[in-house]
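All remarks here apply to the structure that follows.
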């Protein structure tokens, strides 16, 4: 087992305020101690919040991010703060979902990444957004994201 070098991180182990916006949020990475081995990392944010850009009302989603790392892993505290930065950010569901994925791809250059964003209904219609970088490498176990389709009270 190896210890990861965290010397270059600016947020881990310190008190950090929630960033003002996703654009100002600092995503950080750490070396992947298992580079060269294909495996899936999953982050789940069941209480993701952003704002409707038209009404300013809150929007809620259950977000699942799966990725197969290359040389780097996302540092989880920086990811948490990045996701929290959407709380006061107005954007459509699709824009939030794809922006999250593209920021992670830009930072990590993973072998593969997908996001499933399961948005709770607004105007009676749930919106689910799915995006991925391409086909996953063969032979990697990709579990279902485990989020049932929205059924309301039915």
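Backbone N, Cα and C define each Cβ position, glycine as well.
Positions annotated as active site, thioimide intermediate by Swiss-Prot: 52. A C-beta separation below 8 Å, combined with a sequence spacing of at least six in one chain, links residue 52 (active site, thioimide intermediate) to 58, 59, 90, 122. DSSP assigns residue 52 (active site, thioimide intermediate) to coil, not to a helix or a strand.
The annotation active site, proton donor is assigned in Swiss-Prot to 59.
Per Swiss-Prot, the feature substrate binding site maps to 74, 75, 76, 93, 94; the stated evidence is sequence analysis. Its Cβ taken as reference, residue 74 (substrate binding site) is surrounded by 22 other Cβ atoms within 10 Å in the chains shown. Classification of residue 74 (substrate binding site) by DSSP places it within a strand.
The compositional bias 'Polar residues' annotation in Swiss-Prot covers 1-13.
Sequence annotations record features per position, and here Swiss-Prot assigns compositional bias 'Basic and acidic residues' to 17-27. Beyond its flanks by at least six residues, the compositional bias 'Basic and acidic residues' (17-27) meets 10-11, 74-75, 78-79, 81-82, 84-89, 99-100, 103-104, 107 of its own chain at Cβ-Cβ distances under 8 Å.
Under the heading region 'Disordered', Swiss-Prot lists 1-30.
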Around the Cβ of residue 59 (active site, proton donor), the count of other Cβ atoms that are within 10 Å: 22
Which listed residue (75, 94) has most other Cβ within 10 Å, given these are binding-site residues: 75
Whole-number Å value of the largest CA-CA distance among 74, 75, 76, 93, 94, listed as substrate-binding: 24
Those binding-site residues listed as 76, 93, and which of them has the most Cβ atoms within 10 Å of its own Cβ: 93
